[in-house]
Each structure stands twice: as C-alpha cells, then as structure tokens.
Amino acid sequence: MGSCSSCNSGNSPEGGGCSMAGGQPPKAPSASLEDEKLKKNLQRIAHKILVLSGKGGVGKSTVAVNLAIALSLEGKRVGLLDVDFHGPSIPTLLHLEGRRPEVTDHGTMLPIAIEGGMKVMSLGFLLNRPEDAVIWRGPLKIGAIKQLLGDVEWGDLDYLVIDFPPGTGDEPLTVANLIPEADGAVVVTTPQDVSTIDVSKSVTFCRQLNIPVLGVVENMSGLVCPHCSQVIDLFKQGGGEEMAKRMNVPFLGRIPLDPQIVESSDAGEPFIFHHKNTEAAEAFRRIVAPLLALP
Ligand code: ADP
C-alpha cells in the first residue's frame, strides 16, 4: 500500500491522516472539516453494528458477512466494512480479491457494490497483495479507520456492519470513539471454554466503553452431519449461551459447524445466499431477527 507506507515514513499529517485513496499524497484537511465529513456520512446510516470477538478463528468474519447478507436479503440497504488490518478476509469471503475501490474527483472512495446491492469496503482492497502484512501503529490505524468511515461514499444505509480483528485493540476502541451512537456489538464465540473466557473480555470491553452488547453468537456449535443433516454434539454446545447468561447479556443463537460453510467461504460465495435451506442458514436468520427489530 504505497501511500500508507509513505505515511509510515512520517509524511502523514497529524500523525494519523493516512490518505489511502489512489496513492495520492495526504491532503491534510483540517480536523474539523474531517470531523464534519465523518458526521455527515454517519448521519446517513441508520444502524451501526460492530462484530467482535476476543479470539481469532471463531468465525467472526463469516458471521459478519452472513449477517450482512441476511439483512440485505430482507431488503435492507447494507454496508459491510472490514477494519481487520492484519488479516482482512472479507475480500476472500466475497470473492472480491484484487478489486480496487474507485476514487471520485473529490478524492473519496466508492465502496464495491456486490450482487443484491450490498456495499463492501475492506482494507484488503487497498493492499498491494493479499499476503502483505500490515504493520501499522495506533495513530495510523485511527487515521485509516476515520477515512474508511468518512471518505467512503456509503450513501444512505439501513445498516453498516463492521468486522474487527480479534481482541480489544485500537480498532474497536477507535470506532467506539468515532461512532458513540452505534447500536451495539454482536460478540462471536465458539462453545469451548478457551474461547468463551477470551470472548467474555470483549463483553467487558463493550461495557467499559458504553457499547451496548446486542448479543452473543455461539458459532461452530455442534456439527451438521453431511449424510443425514442432523446436528451432532461434536465438541460441546451451550458454552456461548452460558457465557451470555453469566455476563448478563442477550444470547442471539447457535450456528452449527457446517462443512458447506467452509466450502462456500473458500469459494467466495456467501453461504446464506447459496444454501438458504440449511439449518445453519436458518440459524443466521434467527440471529438477524433482533437486528431487524432495532428501533
Ligand atoms: P475469524 O474471523 O474469527 O478469524 P473466520 O470467519 O475467518 O474466523 O473463520 C475461520 C474458518 O472457519 C473459515 O475457514 C470459515 O469458513 C470457518 N467457519 C466459520 N464458521 C463456520 C461454521 N459455522 N461451520 C464451518 N466452518 C466455519
């Protein structure tokens, strides 16, 4: 990412104004102008939903993509923003690798619209190669997130779903500061203790930042048998639900392990769109119902 490495070498205004659009040198808009642009953009988005997890590999990005698509299938105008600086996987999950957002005459970026109209923006679109490791310091990340929210032409949206890297680092902290009016967080875990212990830290993090917890999703809960389609209790079930109870936050539901999720993710075909009549797709729809009912 040429322009961002130039920011890294100290050319960035205010230490964090990384101008990512089209490799242009940073324009250094005043902080108040930037804030005004950001505010205007966010005002046009009715609901902002954060998808968090304290642990990697629990299926957070898969859940984020499928929730976003499920909302879009309900006729909602949806944006999906991937702010995972170290492993942006949304381009792969939606088969958008190598795509570049168009840069407008005003230096803003157009999100990539996929079939059905959902708008997608990912740091992955701005990396030169998908395997590029991005080593960014906190202030740069903050500047980049500000641009992904304020310099992207999201337009009028019913929902913006934001996928974060695992943990409770700069990224969710920045978004919590930039979007204090966010509806809240969907927290993803797997049923095992190794995951629920880490993920409960995400709940604590939300509490400390006054981000409402919309609920916990227990992913990889049981296995859908490829032969009979029954759900088998493979490892353990109920750990996420117990954690939600213990932490006194809503439980949104369980999504079983389904080999077709891996296949469709690897093929870049959103599972819920291509496998509508499965137990896992039904589980995603149940989880989306309270999000659709947000005031
Ligand atoms: P994270 O964002 O938490 O790191 P990912 O969404 O990238 O996790 O998912 C990690 C892997 O697990 C991917 O290969 C994905 O296809 C797979 N996966 C996620 N959820 C399920 C599920 N319910 N059933 C089967 N595989 C899943």
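Cβ coordinates come from backbone N, Cα and C, glycine included.
What you are looking at is a predicted structure, and each value in this text was computed from that prediction instead of being measured.
Residue density at Ser61 (ATP binding site): 27 other Cβ atoms are found within 10 A of its Cβ, drawing on all protein chains shown. The annotation ATP binding site is assigned in TrEMBL to Gly54, Lys55, Gly56, Gly57, Val58, Gly59, Lys60, Ser61.
Residues or ranges marked as compositional bias 'Low complexity' in TrEMBL: 1-12.
The annotation region 'Disordered' is assigned in TrEMBL to 1-34.
Just so you know, of the binding-site residues Gly54, Gly56, Gly57, the Cβ with the fewest other Cβ atoms around it within 10 Å is the one at Gly57.
Looking at Lys55, Lys60, the binding-site residues in this record, the fewest other C-beta atoms within 10 angstroms of the C-beta turn up around Lys55.
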